[in-house]
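In what follows, a single structure is set out as structure tokens and then discussed.
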Amino acid sequence: MYSYELTQLKSPDFPFIIIFDLFIGGIAAGAFLITALLLAFGGKINKAGLHRAFYVTMALLPVYGLLLILKLDKKERFVNVMWQFRDGNIMLNWESPMSLGAWVLNGLGVFAVFGVLYALKKDNLLQLPWAKKLYDLATWLHEGPIAKAYLSVGAIVAAWFSVYLGVLVTTSQLPAWNATPLIPTLWIISAVITGVSVVILLLLFTNRGSILDESIQRLDNIVKSVIVVNVAMIIVFVIALGQWSETVTRGMFGILLWGGVVVVGLLVPLLLKLKPNLLGVKNSLIFSSVLLLVGGFILRYVVMMGPMSFW
């Protein structure tokens, strides 16, 4: 049935921790991406509380990097893809996903640091006297004359990072992973949903009175639209896999994909968002956001573990 000589294939055997790593990396990138775009191009909309999304990115990026390094057999490899110790030259290989990814990760980290400084200034938290110039610089970058350009570059870096997480998978030798170029697209769509869902939860639990209601509603509207796109993309992805589709649709993985991801992780949250009176507005937002996070994690589990378990 298959054109590949299966006996010559070897699963890359990613540890389970990498699935979690891809998950939190997507959240970090998705939260930053949408927030940067709203701050840059949201016009005169109420943007109250949106800056708090930078806390999410800053909290998760170091965890992502640490887990990635721990996964490597040779821990120094992460540094080696950026810096050649032998001759002291910067290492940037445009044909290496690992090299580009390491640089983009660090670039997003820089944007996240300035984002957190900006958020701390907005929230009047940890205003250290010696760091006043840094807070002022961060505010200028996010609200000054170059804010749109700065945030646009940040959004591009975040989008590239979320796509890169999928590129790492498609460059593997497993045919189910490289049979279609759609995994990076699937990853960035899911990153937006999970990232914004975490931001919604953060705003819900830090909302005093109703000051953040408009921002929460705007984010919720974005998620509703992207959910529909995500369902469609999953169907297209399965079709595009062709003869390898059963690696993600058979047995337990099929149940997890259609039941866990599509139904419980996407359609049920969409229903709760369209009919918030079912549980009450706040409870519907909380429950739907949690289900979307669960669905995003299961999606990565199925796409990663399904093809690996096939051999």
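Numbers run from 1 along the shown chain.
Keep in mind that glycine also has a Cβ here, set from the backbone N, Cα and C atoms.
Unlike curated records, TrEMBL annotations are generated automatically.
Feature annotations, reproduced from TrEMBL:
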type	residues	note
TRANSMEM	16-41	transmembrane segment
TRANSMEM	53-72	transmembrane segment
TRANSMEM	100-120	transmembrane segment
TRANSMEM	149-170	transmembrane segment
TRANSMEM	182-205	transmembrane segment
TRANSMEM	226-245	transmembrane segment
TRANSMEM	251-272	transmembrane segment
TRANSMEM	284-303	transmembrane segment
Spatial neighbours of the transmembrane segment (149-170) not adjacent in sequence (6+ beyond its ends, CB under 8 Å) are 22, 25-26, 29-30, 32-33, 36-37, 39-40, 57, 97-98, 100-101, 104-105, 107-108, 111, 115, 141-142, 177-178, 180-181, 183-188, 191-192, 303-304
Highest Cβ pair tally under 8 Å against the transmembrane segment (16-41), stretches 100-120, 182-205, 226-245, 251-272, 284-303, lands on 182-205
Per the Cβ filter (under 8 Å) with a sequence gap of at least 6 from its ends, the transmembrane segment (284-303) is approached by 19-20, 22-23, 26-27, 169, 183, 186, 190, 193-194, 197-198, 200-201, 204, 216, 220, 223, 227, 234, 248, 253, 256-257, 260-262, 264-266, 268-270, 272-273, 275-278
Spatial neighbours of the transmembrane segment (100-120) not adjacent in sequence (6+ beyond its ends, CB under 8 Å) are 28-29, 32, 36, 51-55, 57-58, 61-62, 64-65, 78, 81-82, 92-94, 126-127, 131, 134-135, 137-139, 141-142, 153-154, 157-158, 160-161, 164, 167-168
